[in-house]
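Peer 1: Pasting a structure here, questions to come.
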């Protein structure tokens, strides 16, 4: 590892600053116990940046991210800023420009249901009795969200609107390579999601994915149409390892996978570019309704930090130790409100303390 690893810390809005404080506890242990040399610099983003500087992504924040090796992101948004035009609101005016600026073409969303938390899943107990571990890999910078032309118009027949789904072969190839590489260190299965029976873009998607798969003979490739995939995830989620998806399909199916785990407060995410520069954030939102109550689940933020350690710093053993510390905390029965019975639960800061203690003690 380089002499000093620079992390831009962007707590943001809502519960973002609260759960980020718990991630700092882990970062302190990484410096003290594992001798990592970290340079942590905090910047405003989202609603708080609008309040202070009039813009969701200030130039100072963008420059700070450019001078960093990775971004640890909290959350942005809230009703307070709903009066703004959509394009100026925290979510639209901060995250999307960051993804575009750093060419973060891949989004990794783990959806893991631990056996000791299977009661949280809305699925039948016989379906989730062994838990599941799915990694959704979503192409993030192409497809219908960014394709042109798009627009909304009126003519003599009425009002109409249109969007364009477009993918280049190189966009599909690079996301497919990432999926197969990651599958090689997991259970060696990739299921590619498309709609190749009706969409030309999906026909190309399937062709390129098949082509890339030839370079990974040890990884089993399968294909599902998006509608069937959504059904199969409900019917038997344990059959899946990695789901490889286009932008819009990944947007939909990763939320479905998150929901069947029972708590989005447990789920991290990573958005990466070709240089493994990444933006790491909880999969959930800013949850302004519980802001300041010390009841938010910090696990997604801590696991997002673990993903940063794994993918941008390439320190898998240390990332494994963080993941194990979370595992031990849950195994011992510690629960925040969102994953509790509603009566017996601990506070945000207490969960952070417990996970940090397990990491520090090296259990």
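One-based numbering along the chain as shown.
Backbone N, Cα and C atoms are what each Cβ position is placed from, and that goes for glycine too.
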Peer 1: To which of 109, 114, 124, 152 does Swiss-Prot also attribute binding of substrate at the site defined by 99, 138, 227?
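Peer 2: Looking through 109, 114, 124, 152, the residue Swiss-Prot assigns to the substrate site is 109.
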Peer 1: From the centroid of the CB atoms of 227, 251, 255, the recorded Mg(2+) site, which same-chain residues not already listed sit within 8 A by their CB, in sequence order?
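Peer 2: Along the chain, the qualifying residues are 226, 230, 248, 249, 250, 252, 253, 254, 256.
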Peer 1: Let me check the 10 A CB neighbour count of residue 287 (NAD(+) binding site). How many other CB atoms are there?
Peer 2: 24
Peer 1: When the Cα of residue 86 (NAD(+) binding site) is compared with the Cα of each of the recorded positions 138, 145, 227, 251, 255, which one is closest?
Peer 2: 145
Peer 1: List, in sequence order, the same-chain residues at least six positions removed whose CB sits under 8 Å from that of residue 82 (NAD(+) binding site)?
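Peer 2: For residue 82 (NAD(+) binding site), the qualifying residues are 89.
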